[in-house]
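Let me begin by presenting the structure, written as structure tokens, before commenting on it.
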Amino acid sequence: MKSQTTFVLLSLCLLPIIFVLADSRSFSIDYKNNCFQKDGKPFQYISGSIHYSRIPREYWKDRLLKMYMTGLNAIQVYVPWNFHGTVQGVFNFAGDRDLEYFLNLANQTGLLVILRPGPYICAEWEMGGLPAWLLQKPNIILRSADTDYLKPASEWLAVLLTKMRPWLYQNGGNIISVQVENEYGSYFACDYNYMRHLHTLFRLFLGEDVILFTTDGNTDKEMICGTLEGLYATIDFGTDTNITAAFIRQRRFEPKGPLVNSEFYTGWLDHWGDKHASVDTVKVSKMLGEMLSMGASVNMYMFEGGTNFGYWNGADHDSRFRSVVTSYDYNAPLSEAGDPTDKLLAIRDVIKNFRDIPVGPMPPATPKFAYGFVTLQKVCKTLFISGLSLCYVNCVQYYGFMLYRTTLPRNVPEPTPLISPLNGIHDRAYVSVNGVYQGLMERDTALVMNVTGQQGDQLDILVENMGRVNFGSYINDKKGLLGNLILGNDVLTDWSIYPLDIDTAVANGWLQAAHSGSAMEAGDGPMIYSGTLKSTGLAWDTFVKLNGWTKGQVWVNEVNLGRYWPQRGPQQTLYVPGPFLSATQPNNITVLELERAPSHRRILFMDRPHLETVLHQKNHINDDFNCICTI
């Protein structure tokens, strides 16, 4: 009892000291000297973007430590609303979604945090972080003062910002500033009432002391619509921009205060069908040095990109719909697998000129292993997955696949056009008649195909959601069959609709249990394959290559690695983090091939990635297959 009393007295004695220490912490804008102030002293941040939602929880500490050892004193973090709120009114902050654990790791590592909670984030993430269930309101105007949007957005921010308040720097945490919305000047709405509402909410839940800011692109229009009095206006630009001209534009909106590039682009994203993007290391390091010499605070986007696991990739829509690839490597200083690159070393050499670099070696790359080949066997056609159920009202499958089924209204013995006259396929449709694959239709690019069959034959259309638009005016991107299909002169009607929850089927082991071996009939079209990667005593990072496969999705154990599409490229391998594997138990591999599998039905686990389609690399990949075959 005496020891407990002593402990309580000591605790009470220490309380005033703790409060004094907390009160002494401050982070503010010094308008007189055009800089930030941290605890009353001038401060310049050198930051990098990292997305916890794109990295396995087991690797968060590794990535943060590498950023710290590069010389960064801060990180920038997006919070995707849809990642935490896949169901309306239900919020998940557990496991890989444990944001506070991530903030704590950053704090322990010595990194400050620039928080970007949205509610819209862009980030090449599905629907820019907005949950797809918002689109259940047919006339909703996203990112506006429309009540249908503002009410759920406010409910989300009330939950999130309440959690974030203890993590503010002045409250003893490591969050030094918070962005309100994101690049709002790029959106058509230009709704100042919406921005004012968000400003009020952020102040209500975070208090008056925290720096609230906006980020917008380097044009007058974007800065005009994206900025608001009371929110500090920052700018973003990459190596193709004149630094002086960009900061002059920021000065027109913020005559005093620190110069800030909130997104200095170290690389760029990839779309399916594009060349793999890269940004020159010399240009990155040169411009970084110039901005830091001017006293500007800089955040590098991305410092590590990570991976769009599952269905989380976004898409763009300019002249047509373009889906973002699974890898978010971004040609960043830390690779998709978190490995230091030459770009990172060049950036560290620049930072050394402006602040002391932590003493000690850079943590090494995570170990990689080439596990070799796995041969797969057919399990079933996607149309016959266990648990397939018809939905009648409010039929919703927010991510992945939906099956639409009807019958042919008449005999079509000759090839007859099946047409999507209003471009209503969002985004790819795989067409079968009586279970025989006929071909595919694709949004914006392939709106007509020919089919044959007899009256009453079953017409199945498997529609794939390739990721919702994450930027611009088309983010209200509804999926599925959105308009009539016409067969010749007949409008097809009487559709039955089935949501295909393949992820649940994989997680429950239904597909492994349904294994039918090599007796499954051959043929093109959507088909599920499975196999086993035997335990080796190792659970190291690896990269799966699907040489000869066309397009689809891969699961390792219960984890959806994302989409593969080697025929369109540029990405040729999928990253498999070691924590997804078991070192002691067989690892279940499931592949959904949507178009055509190769006759060999093999996939290859390699110790290095291939993210671009070039001739010499294709030959090298084929050499890998041939070499291992002869061992």
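Glycine too: its Cβ is placed from the backbone N, Cα and C atoms.
The signal peptide annotation in TrEMBL covers 1-22.
Annotated domain 'Glycoside hydrolase 35 catalytic' per TrEMBL: 36-353, in sequence order. On the 0 to 100 pLDDT scale, the domain 'Glycoside hydrolase 35 catalytic' (36-353) averages 98 in this prediction.
TrEMBL lists Glu183 with the feature active site, proton donor.
Neighbours of Glu263 (active site, nucleophile), defined as other CB atoms within 10 A of its CB across all chains, total 24. According to TrEMBL, the feature active site, nucleophile maps to Glu263.
Here TrEMBL flags 395-501 as domain 'Beta-galactosidase 1-like first all-beta'. The residues of the domain 'Beta-galactosidase 1-like first all-beta' (395-501), classed with DSSP into helix (H, G, I), strand (E, B) and coil, number 0 helix, 56 strand, 51 coil.
Residue counts for the domain 'Beta-galactosidase galactose-binding' (526-584) under DSSP, split into helix (H, G, I), strand (E, B) and coil, are 3 helix, 27 strand, 29 coil. Under the heading domain 'Beta-galactosidase galactose-binding', TrEMBL lists 526-584.
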Check your understanding: For Glu263 (active site, nucleophile) and Glu183 (active site, proton donor), what Cα-Cα distance in Å is obtained after rounding to a whole number?
Key -> 11
